[in-house]
Amino acid sequence: MTAYDVVIEIPKGSRNKYEVDHETGRVYLDRVLFTAFVYPADYGFFENTLGDDGDPLDVLVLLEYPVFPGVGIKVRPVGVLKMSDEAGGDAKIIAVQHKDPRWQHIQDVNDIPEYTRKEIEHFFARYKDLEPGKFVTIEGWGDAAEAEKIVQAGFANLEAQGH
């Protein structure tokens, strides 16, 4: 499986929603989540991609310990949580650190413990509940092959934009 570069914006356990300004590279506090939820894993984006929402593809990285905003990690996709929000399609690729022996047994979304998948799905289903005009629709899980196709499409989308 191919390894990809991602940048973490939000560490596991945070309510702060950080975003990287892609022109300056600076990390900004976008908002504090309106709900009492915390991110269930480190959250960021795939470099050099463009998702359906016009932003780089989102990624949730399962790690032993959280990292801090701005850290780059080589990951391999193992699945995808298919969802949409008020801006359109908003798939969340689920990945693990490439070559970390603690995660080698996770090759596909079904290798992730069921309870962990439920936590991730519950977080994304409810984390915007108190924000006016925002919503999320969960559409289900996809396997590693589907996640890989979405990542490849993200690279192609950015290239088609002339970048």
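Positions of Cβ are set from backbone N, Cα and C atoms, glycine also.
Annotated in Swiss-Prot:
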type     : residues                    : note
ACT_SITE : Asp90                       : active site, proton acceptor
BINDING  : Glu9, Asp58                 : Mg(2+) 2 binding site
BINDING  : Lys17, Arg31, Tyr43, Tyr127 : substrate binding site
BINDING  : Asp53, Asp58, Asp90         : Mg(2+) 1 binding site
BINDING  : Asp85, Asp90                : Mg(2+) 3 binding site
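For the recorded site, Glu9 (Mg(2+) 2 binding site), the DSSP three-state label reads strand. Comparing Lys17 (substrate binding site) with Glu9 (Mg(2+) 2 binding site), their Cα atoms are 8 Å apart once rounded. Most other Cβ atoms within 10 A: among the binding-site residues Lys17, Arg31, that distinction falls to Lys17. In this structure the residues listed as binding substrate are Lys17, Arg31, Tyr43, Tyr127; their two most distant Cα atoms lie 15 Å apart.
The shortest Cα-Cα distance between Asp85 (Mg(2+) 3 binding site) and any of the binding-site residues Arg31, Asp53, Asp58, Tyr127 is the one to Asp53. Comparing the Cα of Glu9 (Mg(2+) 2 binding site) with the Cα of every entry in Arg31, Tyr43, Asp53, Tyr127, these being the binding-site residues, the smallest distance points to Tyr43. Close to the recorded substrate site, the chain also has Ile10, Arg15, Asn16, Asp30, Leu33, Tyr39: residues not among Lys17, Arg31, Tyr43, Tyr127 whose Cβ is within 8 Å of the site's Cβ mean position. The closest partner of Tyr43 (substrate binding site) among the recorded positions, by CA position, is Asp58; the full candidate set was Asp53, Asp58, Asp90.
Residues near Tyr127 (substrate binding site) in space but far in sequence (CB under 8 A, at least 6 apart, same chain), listed by position: Leu33, Thr35, Phe37, Val136. Neighbours of the Mg(2+) 1 site: apart from Asp53, Asp58, Asp90, residues of the same chain with C-beta atoms within 8 angstroms of the site's C-beta centroid are Gly51, Asp52, Asp55, Leu57, Met83, Asp85, Ala87, Gly88, Gly89, Ala91, Lys92. Counting only same-chain residues six or more apart in sequence, the Cβ atoms lying under 8 angstroms from the Cβ of Asp53 (Mg(2+) 1 binding site) belong to Asp85, Ala87, Gly88, Gly89, Asp90.
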